[in-house]
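Student: Copied straight from Swiss-Prot:
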type: TOPO_DOM; residues: 32-52; note: topological domain 'Extracellular'
type: TOPO_DOM; residues: 74-92; note: topological domain 'Cytoplasmic'
type: TOPO_DOM; residues: 114-126; note: topological domain 'Extracellular'
type: TOPO_DOM; residues: 148-159; note: topological domain 'Cytoplasmic'
type: TOPO_DOM; residues: 181-188; note: topological domain 'Extracellular'
type: TOPO_DOM; residues: 210-242; note: topological domain 'Cytoplasmic'
type: TOPO_DOM; residues: 264-275; note: topological domain 'Extracellular'
type: TOPO_DOM; residues: 297-313; note: topological domain 'Cytoplasmic'
type: TOPO_DOM; residues: 335-349; note: topological domain 'Extracellular'
type: TOPO_DOM; residues: 371-386; note: topological domain 'Cytoplasmic'
type: TOPO_DOM; residues: 408-417; note: topological domain 'Extracellular'
type: TOPO_DOM; residues: 439-457; note: topological domain 'Cytoplasmic'
type: TRANSMEM; residues: 11-31; note: transmembrane segment
type: TRANSMEM; residues: 53-73; note: transmembrane segment
type: TRANSMEM; residues: 93-113; note: transmembrane segment
type: TRANSMEM; residues: 127-147; note: transmembrane segment
type: TRANSMEM; residues: 160-180; note: transmembrane segment
type: TRANSMEM; residues: 189-209; note: transmembrane segment
type: TRANSMEM; residues: 243-263; note: transmembrane segment
type: TRANSMEM; residues: 276-296; note: transmembrane segment
type: TRANSMEM; residues: 314-334; note: transmembrane segment
type: TRANSMEM; residues: 350-370; note: transmembrane segment
type: TRANSMEM; residues: 387-407; note: transmembrane segment
type: TRANSMEM; residues: 418-438; note: transmembrane segment
Amino acid sequence: MQKYISEARLLLALAIPVILAQIAQTAMGFVDTVMAGGYSATDMAAVAIGTSIWLPAILFGHGLLLALTPVIAQLNGSGRRERIAHQVRQGFWLAGFVSVLIMLVLWNAGYIIRYMENIDPALADKAVGYLRALLWGAPGYLFFQVARNQCEGLAKTKPGMVMGFIGLLVNIPVNYIFIYGHFGMPELGGVGCGVATAAVYWVMFLAMVSYIKRARSMRDIRNEKGTAKPEPAVMKRLIQLGLPIALALFFEVTLFAVVALLVSPLGIVDVAGHQIALNFSSLMFVLPMSLAAAVTIRVGYRLGQGSTLDAQTAARTGLMVGVCMATLTAIFTVSLREQIALLYNDNPEVVTLAAHLMLLAAVYQISDSIQVIGSGILRGYKDTRSIFYITFTAYWVLGLPSGYILALTDLVVEPMGPAGFWIGFIIGLTSAAIMMMLRMRFLQRMPSAIILQRASR
């Protein structure tokens, strides 16, 4: 029992800074929305539309680079720290190539925006302008993620938290300057949010690099003789590990986007209630997501040390802590769902629907916690391909079709509206949780030599 308590302390010490970093990132998006809304409703809508395109694109790159964390954790655990610098350099090359692709997609996103039904031309122009300003921050964001993954792979999660809050503090005044046109800068409105956010990502990257160069704990790995050129074999391995994670993230983001589109014809009350419940549940999701990042680090480190039993302990402890957290957040959600809904909107119909949907959200919080931590465990074992298959099957084969049938058809019951989609979420996330656990058990029952061989690839 003592080993599980000790492991839980280590996991929480790693996870809490990740939680705070995620809060800072969420707060940046909130600040952008509020400050653009203070300029005009059109600018706020433009930022919202631009963000809905930016997020899937940048999260794809983010997911691809998450492969670095278990690779570095495993090298650190095995004492092969001299190989870490080379992996990081290849990570920067990969980030550079991916950022060019993302920038090309975002530059041409105007075709998607203007194709939207009944969109106001002025709104479309502002959304395109916002994206074309923001896209210059894509390399900065992805380079920052490489540096952050280096630190987190070495079990240093506090730097990411500090840089997140530095970014938030810089974002507010820079937003103000470019939205309203102060200190000789042009008045750009919502487009100014894109300029500010792009600048902030570069500031965060440069601050993180400055920290890494000065950190005594990384003195032995931060330098490499000469300039490392792209190495196809290393980059191919990073892509093999990262692409399934990137696609899984993409499937998750697009699932919720598709559901939002399917709910939109049902009316203002249904859309508002759905959005409130979704926004609150996404805030709760920060907890298991951060714990999953910590579990990846611990499992990768233990496998690097050659201890499959300690890796199992880290995995089981992560799941136990995650279930405890999810139980507490579910009780909190059920107990205060009406009061939470009132913070967003005071329309009685909207509050009633949002409170009902939050009840369904509370039901899936434990499943959601298990599946996201399960994903973190599999990343630690470098078994990322299974994450892709499980996510696709659970979300797009089971969750979305069942939600659509329950919400919009009478094949099973009378059309349930948004609640049907939320039952679909429960089905999808519970299926994902079950499949993640089955895959984890399958991996852990392999002979230790095979597990360690797979982890050292």
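Backbone N, Cα and C define each Cβ position, glycine as well.
Not measured: the values here are computed from a predicted model.
I would like each feature placed in context: is it buried or exposed, what are its neighbours, and how far apart are things?
Tutor: Here the topological domain 'Extracellular' (32-52) has long-range neighbours at 113, 116, 120, 122-123, 126-131, 134, 171-172, 175-176, 179-180, 189-191, 193-194, 196-197, 257, meaning same-chain residues at least 6 beyond its ends whose C-beta is under 8 angstroms from one of its own.
With a threshold of 8 Å between CB atoms, the same-chain residues lying at least 6 positions outside the topological domain 'Cytoplasmic' (74-92) that come near it are 65, 68, 143, 146-147, 149-150, 153-155, 220-224, 228, 230-231, 234-235, 238, 300-306, 382, 455-456.
Sequence-distant neighbours of the topological domain 'Cytoplasmic' (148-159) (same chain, 6+ residues past either end, Cβ-Cβ under 8 Å): 14-15, 17-18, 21, 65-66, 68-73, 75-76, 84, 88, 91, 208, 211-212, 215, 217-218, 293-294, 297, 300-301.
When the topological domain 'Extracellular' (181-188) is classified with DSSP, helix, strand and coil residues number 0 helix, 0 strand, 8 coil.
Sequence-distant contacts of the topological domain 'Cytoplasmic' (210-242), counting only residues of its own chain at least 6 positions beyond either end whose CB sits under 8 Å from a CB of the stretch, comprise 63-68, 70-71, 81-82, 84-91, 93-94, 147, 150-151, 154, 156, 159, 162-163, 382, 384, 457.
Residues 345, 347, 349-350, 352-354, 356-357, 417-418, 421 of the same chain lie 6 or more positions beyond the ends of the topological domain 'Extracellular' (264-275) yet place their CB under 8 Å from a CB of it.
Packing against the topological domain 'Cytoplasmic' (297-313) from elsewhere in the chain are residues 3-4, 7, 10-11, 14, 69-80, 152-153, 155, 157, 376-377, 379-382, 444, 448, 451-452, 455-456: each is 6 or more residues past its ends and has a CB under 8 Å from a CB in it.
Across the topological domain 'Extracellular' (335-349), the DSSP tally of helix, strand and coil residues reads 12 helix, 0 strand, 3 coil.
Counting same-chain residues at least six beyond the ends of the topological domain 'Cytoplasmic' (371-386), those with a Cβ under 8 angstroms from any Cβ of the stretch are 66-67, 69-71, 73-74, 240-245, 248, 285, 288-289, 291-300, 303, 311, 314-315, 318-319, 322, 394, 429, 432-433, 436-437, 439-440, 443, 451, 454-455, 457.
Beyond the topological domain 'Extracellular' (408-417), the same-chain residues lying 6 or more positions past its ends with a Cβ under 8 Å from any Cβ of the stretch are 262, 266, 270, 423.
For the topological domain 'Cytoplasmic' (439-457), the number of residues in each DSSP class (helix H, G, I; strand E, B; coil) is 14 helix, 0 strand, 5 coil.
Below 8 angstroms of C-beta separation, residues 45-47, 49-50, 53-54, 57-58, 61-62, 65, 68, 88, 91-92, 95-96, 98-99, 102-103, 106-107, 109-110, 113-114, 163, 188, 190-195, 197-202, 204-205, 208-209, 212 of the same chain, each at least six residues beyond the ends of the transmembrane segment (127-147), sit close to that stretch.
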Student: Of the listed stretches (93-113, 276-296, 314-334), which one yields the highest count of Cβ-Cβ distances below 8 Å with the transmembrane segment (350-370)?
Tutor: 314-334
Student: State, in range form, which of 93-113, 276-296, 314-334, 387-407, 418-438 has the highest count of Cβ pairs under 8 Å to the transmembrane segment (243-263).
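Tutor: Between the stretches 93-113, 276-296, 314-334, 387-407, 418-438, 387-407 has the largest tally.
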Student: Using a Cβ cut-off under 8 Å, which residues of the same chain at least 6 positions beyond either end of the topological domain 'Extracellular' (181-188) come close to it?
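Tutor: Hits for the topological domain 'Extracellular' (181-188): 129, 133, 195.
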Student: Could you put numbers on the helix, strand and coil content of the topological domain 'Extracellular' (264-275), residue by residue per DSSP?
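Tutor: The breakdown for the topological domain 'Extracellular' (264-275) reads 11 helix, 0 strand, 1 coil.
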Student: Return yes if the transmembrane segment (160-180) and the transmembrane segment (189-209) have at least 3 CB pairs under 8 Å (sequence gap of 6 or more), otherwise no.
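Tutor: Taking Cβ pairs at least 6 residues apart, the transmembrane segment (189-209) and the transmembrane segment (160-180) are in contact, with 3 or more under 8 Å.
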